[in-house]
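What follows is a single structure, written as C-alpha cells, with notes after it.
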Amino acid sequence: MLKEKDHETSSIASGSQPHVEFYDPSKESTWTRVGLTWESFKRAPGTTGGQVIQGASNVEDIEKIMADAPMLQQKMKPRHLTMIAVGGSIGTGLFVGSGSALAVGGPAGILIAWLLIGMMLINVTQAIGEISILYPISGGFYTWAVRFLDPSFAFAMGWNYVFQWAIVLPLEITVAATTVNYWPNNVPFAAWITIFWMAILIVCIFGTLGFAEEEFWSSCLKLVVVVMFILIGIVCICGGGPDSGAYNHYIGGQNWHNPGAFANGFKGICAVFVTAAFSFSGTELVGLAASETPNPRSSMPGAVKGTFWRITIIYVTSLTIIGLLLPYTEPRLTTGSGAGASPFVIALDYAKIKGLNHLLNAVVCISVLSIGLSCVYAGSRTLTALAETGYAPRVFAYVDKSSRPLWSVVAILLFAPLAYINLAPKGAVIFNWLVALSGLSTLFTWLSICLCHIRFRRAWKVRGHSLDELPFRAAGGVWGSWFGVILIVLVLIAQFYIAIWPVGGMPDSPAKVAEAFFQVYLAFPIVILFYVVGVVWKRALPQRAHQINLDSGRKCWYTAEEMNAWRAERRAAPWYIRIYRMMFAY
C-alpha cells in the first residue's frame, strides 16, 4: 500500500527551513468551532495544514507543502462531498424549469438536451476530479484558471461566477415563496421572502459544516422522493393509477404520438439547452469543496462518479417519465407559477394520489432553499479566492475561526433583498434583467474547467511528467474536455440563434427584438467587459506550458512507479470489488 502523510507529521521539516506554526481549531471551544460565539468571528491566525499529503516521502520539505494550504478548514466528510455531487444541484431547474422546457422542446427535445449536457457534465466532473485531487486549493476552478489559462480570463470568469450565484440567490428565495403559496395561506409574499432569507442566514452561521449537513440531508430527501416519483410514474404509465385519476388505463407512449415528440422542431431543442444547463448548475461545486475536505484523493473519485448516476437515474429517467405522463400542450406548464408549473406536481395532481402532490411540493421548497445555500457557498468561496489573488478587495479574504469567509458570505447574503423587487409594479421586468446577467454564466464556468484540464495536461507533459503519476485520471482524458469545449461552443451558438429568432417568431418592434436578445445573451458581453477590465488592470498574459507552476498547492507527490504498483495491487482484487470500485468508489 502507498504511504500517506497526515496532519500529525507537521513537525517533520527540512533543517534549513523555518518552522511553520499551524492553527489548531481543536483548542477552541465547541461553540466557537461551530460559529456560535463572538470569538468565532475573529480572524483565523493561520492555516490548519489539515490536508493529507500523499507521497510525502518524495518531497524535501513536508512542512512547507502543508503550509501551502487554504485558510478554510477541512470540515467536510466524504459523505458530504458525495451527496453534494449526487443531489446538490437538484432543484428549481429540474423540478420547475423542466416544465417550460417540455412545453418548448417536447419530450424528445428535453431528453436530447439533457443527455448532451449531461454527457458534457460527466467529462467536466472527471476533469475536476483529476485536477482537484492534485490541487485542492482555495477557489477551485477559478484559481486553476489563473494558473493554467489567463489571469484576465480568470478575473472575468471569477466575477461572472460570483454574480451568477449572487443573482440566483434572490431568484431561489422568490421561487421558494411562490412554492409555499401552492398551499392556501394569508401570509404576505414579502413575509415569506423574509422568512426564507432568515432561514438561509441562520444555516450560514454554522459555516461549512452547516452547509455540508444541510446538503447531505436535503440531497437524501430529494433522491428518495425522485426515485419514489419514478416508481409511481412507471405504475401510472402502465395504467395502475387510482380509478379517479387520469392514469387508470395504459397510456404508454401516446403523448409521444399525440401531440408529438417535438414541440418546435430543431428550434425547440436549441431553446431548451440553457434550461438544461441551468438545471445542472452547481455540479461543479465539488471542485470548490475539495479544499475543505481533508483527503481529496479518497473522497473525490467517489463523488465524481456519483455525477454519472445522478445524470442517468435522476435526470434522464425522471424526464422520460414526465414526457410520457404529460403532453407538452399541458397549459399549466406555461401558465402556472412556482410549484404550480412543476411537471412533477402536475402529474401527481392528475394521478389523484392523495398527499403526494403536497409531499413533492414540500420537497421542491426544500430543494429551492438548498440551492439558495449553494449560492452563498459558491459565491463566497469564489469571492474569497478573487481577493486572495488580488482581483477583489482584500477584506473578502477574511476567514474566521469557524472557517467562514465572513465578509464574502455577508456580501452574497446582501443580494437576497433583491427578491423584494418582485413586489413592485414593474418589479418582474427589473428582476428578469437581473436574472439575465447570470443566464450563460454556468456555461462559461464549465468552458473554463475544460480548458484548464487541457492546459494542465499539456503542461504536465511538457514538464516531463507521466500520466501514470496522476492519482486519478479523467475517464475521457483530454478528448473528453475537448468534447466539452466543442459542445459548449455549439450551445452558445444555438442560444445566439434562439436569441435572434426566438420560438414563436420575432416581435414586430425592433426594440422588443433587442430586449429579447439581451435578456437571453446579456451575460456574454458582461464577460467580455470583465475580461477587458482584467487585461487593462493587471496586464497579465497567458503563460507558456513550460512556465506553468505545477508545484504550488500540490498535495499528491507519488512517482509513476508507486502509482503503477498501487494499480497493480488494485487489479488483483476480486472481480466484484473491481466492479464496485469502477462504478462507485476508487
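Keep in mind that glycine also has a Cβ here, set from the backbone N, Cα and C atoms.
Within the model, the domain 'Amino acid permease/ SLC12A' (80-540) shows a mean pLDDT value of 86, rounded to a whole number. Here TrEMBL flags 80-540 as domain 'Amino acid permease/ SLC12A'.
Taken from TrEMBL, the feature transmembrane segment applies to 81-105 (among others).
The feature transmembrane segment is assigned by TrEMBL to 158-183 (among others).
Under the heading transmembrane segment, TrEMBL lists 189-211 (among others). Same-chain residues lying 6 or more positions outside the transmembrane segment (189-211) and placing a CB less than 8 Å from one of its CB atoms are 34-36, 72-73, 75-76, 169, 173-174, 176-177, 180-181, 292, 369, 372-374, 376-377, 402-404, 409, 413, 416-417, 419-420, 422-423.
Sequence-distant contacts of the transmembrane segment (223-242) (same chain, at least 6 residues past either end, Cβ-Cβ under 8 Å): 86-87, 90, 248-252, 313-314, 317-318, 321-322, 324-325, 344, 347-348, 351-353, 356, 359-360, 363. According to TrEMBL, the feature transmembrane segment maps to 223-242 (among others).
Under 8 Å from some Cβ of the transmembrane segment (262-286) lie the Cβ atoms of residues 81, 84-85, 88-89, 91-94, 97-98, 100-106, 108-110, 112-114, 116-118, 121, 124-125, 128-129, 132, 140-141, 164, 168, 300, 303-304, 307, 311, 315, 328, 371, 374, 377-378, 439-440, 442-443, 445-446, 449, 491, 494-495, 497-498, 501-503, 520, all in the same chain and six or more residues away from its ends. Feature annotation from TrEMBL assigns transmembrane segment to 262-286 (among others).
Within the chain carrying the transmembrane segment (307-328), a Cβ under 8 angstroms from the stretch's Cβ atoms is held by residues 85-87, 90, 94, 98, 102-108, 110-111, 114-115, 118, 121-122, 125, 223, 226-227, 229-230, 233-234, 236-237, 247, 251-253, 255-256, 258-260, 263, 279-280, 283, 343-344, 346-347, 350, all 6 or more beyond its ends. Here TrEMBL flags 307-328 (among others) as transmembrane segment.
Taken from TrEMBL, the feature transmembrane segment covers 359-379 (among others). If you look at the transmembrane segment (359-379), the same-chain residues 6 or more away from its ends with a CB under 8 A from one of its CBs are 88-92, 95-96, 161-162, 164-166, 168-169, 172-173, 175-176, 179-180, 182-183, 196, 199-200, 203-204, 211, 214-215, 218-219, 221-222, 225, 229, 282, 285, 288, 339, 342, 344-345, 348, 408-409, 411-413.
The transmembrane segment annotation in TrEMBL covers 406-424 (among others). If you look at the transmembrane segment (406-424), the same-chain residues 6 or more away from its ends with a CB under 8 A from one of its CBs are 41, 162, 165-167, 169-171, 173-174, 177, 189-190, 193, 197, 200-201, 204, 375-376, 379-381, 383-384, 387, 395-396, 398-400, 430-431, 434.
TrEMBL lists 430-454 (among others) with the feature transmembrane segment.
Among the features that TrEMBL reports, transmembrane segment is placed at 475-498 (among others).
Tertiary proximity for the transmembrane segment (518-537) is limited to same-chain residues at least six positions away from its ends with a CB under 8 Å from its CB atoms, namely 151-157, 159-160, 163, 274, 391, 432-433, 436-441, 444, 492, 495-496, 498-499, 502. For 518-537 (among others), the entry in TrEMBL reads transmembrane segment.
Beyond the ends of the transmembrane segment (475-498), by six or more residues, the same chain brings 116-117, 119-120, 122-124, 126-127, 267, 270-271, 273-274, 277, 440, 443, 446-447, 449-451, 453-454, 457, 520-521, 524 to within a C-beta distance below 8 angstroms of the stretch.
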